[in-house]
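Asker: Look at Swiss-Prot and you will find G83, F88, L132, E133, R146 tagged as S-adenosyl-L-methionine binding site.
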Amino acid sequence: MTREEALLWLDQHIGISRETVEKLDAFVACLHAEMAHQNLIARSTVDDLWGRHIIDSAQLLPLARKEAAFNKKASPKSWLDLGSGAGFPGIIIAILSEMAVTLVESRRKRVEFLEKAAEAAGTPVTILGQRLENIEPQAFDIITARAFAPLDKLWRLAFPFSHNESLWLLPKGQNARTELEETRKLWQGDTRIEGSVTDPQSAIIVATHIHPKKQKTGKKT
């Protein structure tokens, strides 16, 4: 997908201003410059950066808006992105929306890049340079994680950062359905799988009301 094709998709599905385009361009320039120092994304995806990474991230925003409208909820205000790495989807969401976005990334060099990228794009974000389990929990309206951890581990670590109405938007590969099924013994909630607009073999797990199942205990005799 070219830059022009990506911008057309963004305008049709989200609505973007000239200022937003400038912020995206600044972020892309920063990422390209940093690639000389660290591998932020796979080299094989650099030529399709706008489709493989930017639109792949941006597609989560219409899903969030659709979910809020369908359930007649107030617009979400806080977004937690786990393992933000190169800024996908966290910084892209921050550029495209007015939500308060918090990025969690434990790797020092990635944290330094996220700080530079957010400054270059003129986009305010909160960056927590720690492991998730070492962060004081607070509840967020939306939680995302792109290649962060297997689903069961992800829910176990991130559950303290959710409330009952939190929306989970979790990009996964072709094994999304299998991964979801494997969690049903320990977790419950409302879940569905949405197709990815950028890769027919990928999917997005959409979930709400996630909480651990009460484990049955054996009866005393």
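Keep in mind that glycine also has a Cβ here, set from the backbone N, Cα and C atoms.
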Asker: If you measure every Cα to Cα distance among G83, F88, L132, E133, R146, the residues said to bind S-adenosyl-L-methionine, what is the biggest one in Å?
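Answerer: So the binding residues stretch over 21 Å, Cα to Cα.
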Asker: Return the count of C-beta atoms lying within 10 angstroms of the C-beta of F88 (S-adenosyl-L-methionine binding site), excluding that atom itself.
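Answerer: That number is 25.
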Asker: Note down the number of other Cβ atoms within 10 Å of the Cβ of L132 (S-adenosyl-L-methionine binding site), including every protein chain shown.
Answerer: 21
Asker: Have a look around E133 (S-adenosyl-L-methionine binding site) and count the other CB atoms within 10 A of its CB, chains all included.
Answerer: 11
